[in-house]
Amino acid sequence: MKYNNEKKKGGSFKRGGKKGSNERDPFFEEEPKKRRKVSYDDDDIESVDSDAEENGFTGGDEDGRRVDGEVEDEDEFADETAGEKRKRLAEEMLNRRREAMRREREEADNDDDDDEDDDETIKKSLMQKQQEDSGRIRRLIASRVQEPLSTDGFSVIVKHRRSVVSVALSDDDSRGFSASKDGTIMHWDVSSGKTDKYIWPSDEILKSHGMKLREPRNKNHSRESLALAVSSDGRYLATGGVDRHVHIWDVRTREHVQAFPGHRNTVSCLCFRYGTSELYSGSFDRTVKVWNVEDKAFITENHGHQGEILAIDALRKERALTVGRDRTMLYHKVPESTRMIYRAPASSLESCCFISDNEYLSGSDNGTVALWGMLKKKPVFVFKNAHQDIPDGITTNGILENGDHEPVNNNCSANSWVNAVATSRGSDLAASGAGNGFVRLWAVETNAIRPLYELPLTGFVNSLAFAKSGKFLIAGVGQETRFGRWGCLKSAQNGVAIHPLRLA
């Protein structure tokens, strides 16, 4: 017979069909277990009674069985789709906000119980937050910054043995990260200053993670870190330096997880695209590489610079901003592998950052801070001598901060190099730092930047990071510049300094 050699699965079904038939009648198939549906009404949402029920524990013995012997039901939301989960979480968030507003009214003894007004208020606040996060509207923080008191100032919260070259903050402003020239990578708490050190794994582990070791190899030199970036979700930390690799670390465990090879020279700058796991890396080999940290994969490569790339920045869009020693700023359209070129009058652009998708800020090696717009290939506004280094015994008479004065010595010292510029994301508040003894705050206006205050800080300011709230500023400072030893300030302290900002 045709089916004699086939293995029978389960018993045969004899109800209503032919006796001994192996084919199952769909009518008698076991009905699949249906997922419990959650009702989403405008006003009422079914919620669990306790934390235990919410986590799926409703009583039973230690083996997970119910006391009455019944099998525990599956999690209520185990089979929900991604869309259903987003809807459920959104409804829960709205309910929490409505409840918070009701409590505020009760505390204020307000008898008005209009839920429609609450919903309208919540709608406006959520819309404004979304527009601020996406960069469509600008938060006006600069006008709220008050003049620092005499007691205010930078205080060192994390110490390093050598110059700090890069700092970064987590998206919630609670944790900070710093890297120095001696290869030390630190993870620290902003409020308490408690530090944790990232430990470099052995060569065998690095090799298994994708690193290509070169011989002979000086460990102290090869681990010199020059760049650092943290993902917006706080999961990954990326570092790079003279070993030509991009190293990925797990922030939760502080363990090394991946080493990306590919650059042919020192990795000089790193940044994550906000809200994603895409990482952009710039190098002295004049290329920008794009990586997917989650998938541990290389995506693409962008060219355009004719000199070493010194700084990079990115926002939400697939766009990258880079500057280099070829006196150009490049706006990379990553998916298309195209670029827009902006030329600067300075001999070298040292730093850059996005203000918005259409505006950028740059710092150069002659103490100039410039504002750029997407539609003009030259700076929209140039503030000269923003960090001019004035030698001892020389007065400032005749030196115009934003004038046409040219210093007697055209070869500006390393103290005036604007090594760092930063903005409070989505706002009109910016800062710049050099080695001339202070960090400068700026207000970004329409086609102009206006100086606010000078915050004294001794040393080369190699990196800056604003808190998202705008309530404090972090600076990576050291006795030497970011790249090389073009200057030395023995009175400076190597470390991370924090300065509180008082907002009106």
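Placed from the backbone N, Cα and C atoms, the Cβ positions cover glycine too.
Marked as region 'Disordered' by Swiss-Prot: 1-120.
The annotation compositional bias 'Basic and acidic residues' is assigned in Swiss-Prot to 20-33 (among others).
Per Swiss-Prot, the feature compositional bias 'Acidic residues' maps to 41-54 (among others).
Summarising the annotation, Swiss-Prot assigns compositional bias 'Acidic residues' to 70-81 (among others).
What Swiss-Prot records for 89-106 (among others) is compositional bias 'Basic and acidic residues'.
Marked as compositional bias 'Acidic residues' by Swiss-Prot: 107-120 (among others).
Across the repeat 'WD 1' (159-198), the DSSP tally of helix, strand and coil residues reads 0 helix, 21 strand, 19 coil. Per Swiss-Prot, repeat 'WD 1' is recorded for 159-198.
Here Swiss-Prot flags 220-259 as repeat 'WD 2'. Sequence-distant neighbours of the repeat 'WD 2' (220-259) (same chain, 6+ residues past either end, Cβ-Cβ under 8 Å): 165-172, 175, 177-185, 187, 196, 198-201, 205-206, 209-212, 214, 265-272, 274-277, 279, 281, 283, 289, 291, 293, 296, 482-483.
Feature annotation from Swiss-Prot assigns repeat 'WD 3' to 262-301. Among residues of the same chain six or more beyond the repeat 'WD 3' (262-301), those with a C-beta under 8 A of the stretch's C-beta atoms are 210, 226-233, 236, 238-242, 244-246, 248, 307-318, 320, 322, 324, 332, 334, 337, 425, 483.
Look at the repeat 'WD 4' (304-342): DSSP puts its residues at 0 helix, 22 strand, 17 coil. Taken from Swiss-Prot, the feature repeat 'WD 4' covers 304-342, and the record attributes it to sequence analysis.
Residues 135, 138, 310-315, 317, 319, 321-325, 327-329, 331, 388-389, 402, 412, 416-423, 426, 428, 430, 432, 434, 436, 440, 442, 444, 447-449 of the same chain lie 6 or more positions beyond the ends of the repeat 'WD 5' (344-382) yet place their CB under 8 Å from a CB of it. According to Swiss-Prot, the feature repeat 'WD 5' maps to 344-382, an assignment based on sequence analysis.
Residues or ranges marked as repeat 'WD 6' by Swiss-Prot: 413-452. Applying DSSP to the repeat 'WD 6' (413-452) sorts its residues as follows: 3 helix, 23 strand, 14 coil.
Swiss-Prot lists 456-496 with the feature repeat 'WD 7'. Counting residues per DSSP class in helix, strand and coil order gives 0 helix, 17 strand, 24 coil for the repeat 'WD 7' (456-496).
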Among the ranges 304-342, 413-452, 456-496, the one whose Cβ pairs under 8 Å to the repeat 'WD 1' (159-198) are most numerous: 456-496
Three-state composition of the repeat 'WD 3' (262-301), taking helix and strand from DSSP: 0 helix, 22 strand, 18 coil
